[in-house]
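Here is what TrEMBL records for this protein:
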| type | residues | note |
| --- | --- | --- |
| ACT_SITE | D291 | active site, proton acceptor |
| BINDING | G65, R93, Q140, R322, R366 | phosphoenolpyruvate binding site |
| BINDING | S138, Q140, D291, K318 | 3-phosphoshikimate binding site |
| DOMAIN | 3-400 | domain 'Enolpyruvate transferase' |
Amino acid sequence: MGGLAEGTSQFSGLLEGEDVLRTGWAMEALGADVKQLGGGKWQVTGVGRKGLSQPDKVLDFGNSGTGSRLIMGVVCGYPITVEMTGDASLRSRPMNRILTPLRLMRGLDTAGPDGRLPFSMVGTDDLRAITYSPPQASAQVKSAIMLAGLAASGTTVVEEAKPTRDHTERMLRGFGAKVDVARLDSGVMRISVEGGQTLSALDAAIPGDPSSAAFLVAAGILSPEGDVIVEGVMSNPTRSGFFDVANLMGAHLGAEEAGDAAGERLINLHAGAAALKGKAVPERLVPSMIDEFPILAVLAAFAEGETIVTGAEELRVKESDRIGATVAMLRANGVEAEERPDGFAVQGCAGKVPGGGLVQTHHDHRIAMSALIMGTAAQNPVSVDDISMIATSYPDFLSHMTELGADISQG
C-alpha cells in the first residue's frame, strides 16, 4: 500500500522474511521507491496518482503466495502487462480463485485452465466494480479484490460467509481509504471499497506476527523450564484461533496489554509448561488459525487424548498439502495420526512423543518449524530434510530457538 500511496511512508518492525522482501522488490519494479534502511526499518515512496509503471523484468515471487496474489489485484487496474512466476511450490498452487473475480472486473491474464504460474497479468484502466462472494474463506482473495477495487469504477463489494483476517481493511483505513464493513442479518460480512481513491503515505510500526509467535508459544508450553514471553504480538480476533485452542487444551496462556500499532492491539504473551488435553477444534476458529495447524498438531501429539480438526480443507492447497504433510510428520515420530479429507485426527502421547524420525518438509516452512519444535520436547531428536525455506516467513527462527535453549544442529 505504501507503494501505491501518494508521498513517502516509513515502516519499522517489519518482519524481513523472503515473502516481504520479494513483495518489496515487486513494488520497486512497478515504480515505487523502496529502501531497506536496516533494523527492520523501511522507507517507501509510492507511485501515487501517476500510477504503476511497466516493469522491465519478470516478477519472481519465490514462495510468496500472499505477495503474488496481492500484486495480481494491484496491477489489474493499470494498463500494463506483468509477467509473474515463483518457485516450484508456488507454481503448483491454484490461482484461479484470484483470477476468477479479477476477470469479472475486466482484468486479463494469460493463465492456462489450471490457473497456475507462470503467466502474465494484463491490466486495464477500465476496471469495473463487482460484488463477489468467494467460495472459500480466503483473506488473500478478499484482499486482492479490494486492492483492485481501488482502481475500479464504482463500489467493489466482497461478501464473506466466514470472516477472514481483516488486516487489509485496517491498513487501507490507515492509508486514508474509506472502507465499509458490516455484518448482515444472515451473518455474512460485507466489505465495500470505493474506486478512485488515492492512498496517503503512512508512518507505522508493524505489529508482531501471531503466526510466528505461535511457534515460540508452543515451545513454552512444551518446555518444563519456565515461561516464554513473546512481546508485542498482534492481538486480532481474526488471528487468535491458535491461542484460543491452546487455552481450550489447557495451556493457560497469559496476556498483558502492550499498546497498539498500525491500528492493531498489541499484547505480551506468557507461555509456560502445561499438561494438555486433546480437543475437537471448533470449525468457526479454522479461518483464524489456518496457518497454525502444523504447530497445533505438535501440541496435540503431546496432549492426552484425541484432537480432531475438521473444516480445514484449505490446508490442501498451501505451500504443501499441509494435511498430508502434517500427518506424515507425526507418524514419522511415533505419533498415531489419521488423515481426513478436511482435516486430521491425532491420538496424543500424554507428553511422551517418541521422536527419532526424519520429516519430509515438502519445502514448507511451517512443517519445518513445527517439526523442530516437536524435537525440543520429544524423547529422541527429530530431523528435517531442509530448513532453507524457513527464511520465507521467520528468518530469525533458529536464533530465537537457540536463545530459548534449543539444541538445533545443521549438517
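Any Cβ shown, glycine's included, is placed from N, Cα and C.
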List, in sequence order, those recorded positions among S138, D291, K318 whose Cα sits within 10 Å of the Cα of R93 (phosphoenolpyruvate binding site).
K318
Filter the binding-site residues G65, S138, Q140, K318, R366 down to the ones within 10 angstroms of the residue listed as 'active site, proton acceptor', Cα to Cα, kept in sequence order.
K318, R366
Let me know how many other Cβ atoms fall within 10 Å of the Cβ of R93 (phosphoenolpyruvate binding site).
19
Round to a whole number and give the Cα-to-Cα distance in Å for the pair R366 (phosphoenolpyruvate binding site) and K318 (3-phosphoshikimate binding site).
10
Restricted to the domain 'Enolpyruvate transferase' (3-400), the mean pLDDT of the model is 96
For the phosphoenolpyruvate site (G65, R93, Q140, R322, R366), what does the 8 A shell look like? I mean other same-chain residues with CB within 8 A of the CB centroid.
D291, V317, K318, E319
When each of the binding-site residues K318, R322 is scored by other CB atoms within 10 A, the minimum falls on K318
